[in-house]
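K.L.:
Feature annotation from TrEMBL assigns transmembrane segment to 28-53, 143-168, 214-236, 248-266, 286-306, 313-334, 346-372. Annotation source TrEMBL lists domain 'STAS' at 385-482.
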Amino acid sequence: LGTAKDVTLGPTAIMSLLVSSYAFHEPVYAVLLAFLSGCIQLAMGLLHLGFLLDFISCPVIKGFTSAASVTISFNQIKNILGLQGIPRQFFLQVYETLRRIGETRSQGWSCCCACPFLRLGRPRQPGFPPPAVPPTALGSRQVFTVALSAAARNALVVLFAGLVAYSFQVMGSQPLTLTGSIPQGLPAFRLPRFSMAAPNGTIPFRSMVEDMGVGLAVVPLMGLLETIAIAKAFALQNDYRIDPNQELLAMGFANVLGSFVSSYPITGSFGRTAVNAQSGVCTPAGGLVTGALVLLSLAYLTSLFYYIPKAALAAVIISAVVPMFDAGIFRTLWRVKRLDLVPLCVTFLLCFWEVQYGIVAGVLVSGILLLYSIARPPIKVLEGDVLLVQPGSSLYFPAIECLRDTVCSYALAASPPRSVILDCRHISSIDYTVVAGLAELLQELRKHGLSLAFCSLQDPVLQVLLSADLEGFQHFPSQEEA
């Protein structure tokens with residue numbers, strides 16, 4: 001139901017950790033949390049609150065995707081090397097992997113090499129480089145075979161690795177670490193439980209909601225933030241637009257309907273989304289194909305998944321997420337606007353600790369920089385018989401003190417003190433705090449025998465100032481008289 005063709009929703013490590021904090025390791029709480037989170041996300045979508053997500057800037061998205069690419073890739077290294085018991089936290093992963101490097105078994109390097117090789121034959125799409133082999137050099141049947149192989153390269157790698165593992169199993173030796181047994185069958189379709197049996201009686205719905213507390217806000221918002229960040233990252237890379245309100249509705253429906261089949265809250269998965277995008281999906285309807293295959297696999301094919309090597313799955317994920325690391329963005333922002341490196345670096349570094357902290361910190365830093373530019377607009381001052389003061393943008397309440405200080409410092413410091421003309425050609429709107437500040441500025445200049453005149457007033461600003469009935473405003477000269 002969403003507009004992002006690449007995004008794949010599902011359980012993620014981040015959401016699992018959040019749910020475990022607010023569901024108290026009780027499945028009933030987790031399923032109810034999914035239902036309530038979906039309702040909150042649906043309400044946000046129906047109220048068109050998706051505009052709030054426009055405050056996620058491009059540097060924040062780039063920092064998130066680059067850090068996620070590194071963390072997800074390194075998280076799969078343990079499967080490539082055949083290591084067990086590696087912790088999830090990134091810094092502990094690095095430490096444990098390096099400490100136990102002598103125990104490694106290189107199982108998946110061939111798979112890692114095969115995925116990029118098969119990608120060379122991929123047909124050209126918008127935003128992608130041309131294929132390595134020109135189609136004109138091949139026949140139509142060969143072109144179709146190469147294109148099909150390239151599109152299905154992830155499945156081919158997994159299938160081939162599974163056949164190799166099965167061959168080892170038949171011969172009686174198994175050097176590979178396998179996926180293992182997966183339960184077969186589909187979950188029952190039923191309403192989530194709105195109460196829970198306990199040793200001392202029944203916990204009612206109201207008590208369950210009170211127990212989850214702030215989790216009812218944190219879980220849906222963090223799930224939404226992660227999904228939109230992923231959607232914007234892939235939309236930016238593949239040159240298409242997303243509708244945040246539609247994504248809200250899609251996530252809400254997914255969580256509500258998921259709760260009917262005993263799902264806990266879900267969100268966008270960076271790794272699965274990267275695999276989806278690299279596989280060549282073209283529309284959101286690809287989710288129908290993926291969902292149908294998952295249902296069929298759960299019903300009939302789980303016994304075959306036993307033989308899939310973990311190294312093969314890790315290689316597919318690594319080859320999908322590595323291209324998302326954008327090393328050039330640091331150089332680009334250094335040339336374009338160096339201040340944008342601040343939210344980028346904050347997001348990038350904190351995402352190695354926890355992804356949700358990195359995204360939130362990046363959004364906050366971007367917001368602070370935005371507010372600072374509003375509070376300190378560029379003000380041009382031209383000196384002459386009178387001072388001409390020209391603000392470079394609209395005036396809002398954080399900026400009025402800066403304007404007053406600038407006007408007073410120039411007007412009163414001059415010898416002799418000079419009157420001021422305020423050029424308002426770039427001011428399209430003002431608020432009450434600005435009007436009150438201008439009234440105080442008028443009084444302060446009048447105490448020193450100086451006047452403040454306005455010129456180039458736009459109609460909305462003029463109407464506001466006339467409505468405010470500022471003392472002495474009617475005596476100011478017009479633009480022509482100035």
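Here the Cβ of each residue, glycine as well, is placed from N, Cα and C on the backbone.
TrEMBL annotations: computationally assigned, not manually curated.
Computed from a predicted structure; not experimentally measured.
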K.L.:
Same chain, outside the transmembrane segment (286-306) by at least 6, Cβ under 8 Å from its Cβ: which residues?
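P.N.:
Counting only partners 6 or more residues beyond its ends, the transmembrane segment (286-306) has Cβ contacts under 8 Å with 5, 8, 162, 178-186, 276.
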K.L.:
Please identify the stretch among 214-236, 248-266, 313-334, 346-372 with the greatest number of Cβ pairs below 8 Å relative to the transmembrane segment (28-53).
P.N.:
248-266
K.L.:
Count the CB pairs under 8 A between the transmembrane segment (346-372) and each of 214-236, 248-266, 313-334, then give me the winner.
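P.N.:
Comparing 214-236, 248-266, 313-334: 214-236 has the most Cβ pairs near the transmembrane segment (346-372).
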K.L.:
Please average pLDDT over the domain 'STAS' (385-482) for the predicted structure.
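P.N.:
Within the domain 'STAS' (385-482), the model's average pLDDT equals 82.
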K.L.:
Helix, strand, coil: count each for the residues of the domain 'STAS' (385-482), based on DSSP.
P.N.:
46 helix, 13 strand, 39 coil
